[in-house]
Amino acid sequence: MASLTLPALALALSNPGAVRLRAAAFRCWALRRRGWAAAGALASPNSVLSEHAFKRLQLGSDDEDGEGPYGSDADEGFEAGEGDNEELAIARLGLPDELVATLEKRGITHLFPIQRAVLIPALEGRDLIARAKTGTGKTLAFGIPMIKQLIEQDDGRITRRGRTPRVLVLAPTRELAKQVEKEIKESAPKLGTVCVYGGVSYNVQQNALSRGVDVVVGTPGRIIDLINGGSLQLGEVQYLVLDEADQMLAVGFEEDVETILQQLPAGRQSMLFSATMPSWVKKLSRRYLNNPLTIDLVGDQDEKLAEGIKLYAIPLTTTSKRTVLSDLITVYAKGGKTIVFTRTKKDADEVSLALTNSIASEALHGDISQHQRERTLNGFRQGKFTVLVATDVAARGLDIPNVDLIIHYELPNDPETFVHRSGRTGRAGKAGTAILMFTSSQKRTVKSLERDVGCNFEFISPPSIEEVLESSAEHVIATLRGVHPESTKYFLGAAEKLTEELGPHALASALAHLSGFSQPPSSRSLISHEQGWVTLQLTREQGFGRGFFSPRSVTGFLSDVCSAAADEVGKIYLTADENVQGAVFDLPEEIAKDLLTMELPPGNTLTKISKLPALQDDGPATDSYGRFSNDRGSRNNRRSRGGGASRGRGGWDTDGEDRFRRGGRSLRSDNDSWSDDDWSGGGRKSNRSSSFGSRSSSYSSRGSPSFGGRSSSFGGRESNRSFSGACFNCGESGHRATDCPNK
């Protein structure tokens, strides 16, 4: 490969202090001569050094006879028969003694793959693009050659006050910046290393720079602040490192990074480390790096998940995610550790706060202080709380054992991130579970994720109330079994008395209270997942009713049977069974109870369901509601134009992002008129004229429908509107089926 070119070997061999490094370099050259590195192994100056190619160019591959390929005379520092470990030993690479000593004191005695791949081209002065995953030793990969150069260049400069930095390391987050600073300080305590980032005192960092510094590590935003304030001078920077460059893009630092690069000396050496190569990173390398060598230890292989991870995917609306999240954790984590991944810091805070009412949780993101971060991680590891809500950036590099459940609250940016997130569970051969939340507009992305990762999701519905109660009880029982016997003896008297009084109900009451269900749980819609709503299924036998069965038929049925139900009906979806005419829809719990007790027209069956049947999905590819995307407020405060309570024409407010897709075939236009196709979306406000056999419908701002002109009320709502639709028994207009003279 290009990293092992003869100029690199010449540089290494010309350094009288690099005895061990000369041996390693000469060994690589000899391996090439023996044919181990064929045509692609040593290539053009900007060729790619891959993991596979590097394995063929190991710095110390044993021969079968136990003797190295050069014999015993290759170098005085080389001993025949020594294997890879000895050749890659830190002590044998010609590094300064003080650097070797500090590394060995930290237990670092050998190079990792990324470190051995970077070492020679970095010492050669090449610009580099290195692809390596998080946690593979990238910091020392660029740290070792830079520290070596700084120490060997020292002419008393290191102790000079007011010196400007020779090394600049840019990191996307303060967590990573502090980690890099720690690595460099521990490896080279003699060098002046300063870490700068936002959220802390500007003056403290300014004073540290004014005293003189060799290495500056920081986030782009604070670096620019210090440059603009005249506190940071970059005119003598010799080495630039962009660590996790792809994450710079993810957190919005691309413009800041380019601003900084434009102010650096042209003759600097630049090293860019990135797990992925988005277009911005490629553009950056073309513009600001000089004929860079690419070292790729990731490759183009598909990301794969560890075996033993069960994958689920659940379709939700944006607003229903938080409602369903706690139930998913209760049912699938079974009291174990859960990590919920969000994209933004704001989401992490809000999700954690929403969970706190039912499940102990903490947030982890870049705005949290280092002290709080460590406190949070220790508490999670020790089981003081069971749910950690984290952003991708804040969670990079974390090592937390025994995580039972991963929830992707938002879709990851790429397959690698999905694998990285999900890989937090199912470690060391243990079983684990990962659940992906997605909206209807993200279905294609989910399919692409399955293809790219090579996995298959099991698509699930939100847990039912019964499943949540059962799982909660099991968790409480497991907790009770862990109570120390010495503690229970103080409560035996009260327990016996209560058991005599209530029998098994005493224990049941205790389980309910400890599970957080002192009051009966309210119903929840299977469609919108909102509490206080019930999902019903209407089935009509063949031969009953007129025309095609459609959501319009459902609204007509409800208008004739119960005007209050028609006035409050939510979204309507047709079932997918071709042999049965059916639909599902939402109603407020109290209205649904009354409707289920009413007499229905012949051939119609109405039931409360606990699981959605297969539904027709022939709606538009988008789930935008057009003009209705922003005009729906809280459902409890909504009012129809006719004055009655309404669910916003069957739509659901989803924060303007991913709106729950209508079951119909067309979107509403930006006017107040409705077409027949609009009716197929279902859930329209029922202060309108409609019935089973009706051929026309019009939107009315009048009051709620009445039965044959009679005044009726439900829940305090008055209905005094005359009926102008058509009877579904005889098809004639002007009366309802309940008033039909032919019934």
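Easy rule for this one: first residue shown is 1, then count along the chain.
Here the Cβ of each residue, glycine as well, is placed from N, Cα and C on the backbone.
The region 'Disordered' feature in Swiss-Prot is assigned to 60-79 (among others).
Non-local neighbourhood of Gly137 (ATP binding site): Phe112, Pro113, Ile114, Gln115, each in the same chain, at least six residues away, with C-beta under 8 Å from its C-beta. As annotated by Swiss-Prot, ATP binding site applies to Ala132, Lys133, Thr134, Gly135, Thr136, Gly137, Lys138, Thr139.
For 324-469, the entry in Swiss-Prot reads domain 'Helicase C-terminal'.
For 606-719 (among others), the entry in Swiss-Prot reads region 'Disordered'.
According to Swiss-Prot, the feature compositional bias 'Gly residues' maps to 642-653.
Helix first, then strand, then coil: DSSP counts for the domain 'Helicase C-terminal' (324-469) stand at 65 helix, 31 strand, 50 coil. In three-state terms derived from DSSP, Lys138 (ATP binding site) belongs to a helical segment. Under a cutoff of 8 A between CB atoms, and with a sequence separation of 6+ in the same chain, the neighbours of Thr136 (ATP binding site) are Phe112, Pro113, Ile114, Leu297.
Taking a C-beta cut-off of under 8 Å and a sequence gap of six or more, Ala132 (ATP binding site) has these contacts in its own chain: Ile114, Lys138, Ala141, Phe273, Ala275, Ile295, Leu297, Val298. Cβ neighbours of Thr139 (ATP binding site) (same chain, under 8 Å, six or more residues apart in sequence): Gln179, Val180, Glu183, Ile184, Asp243.
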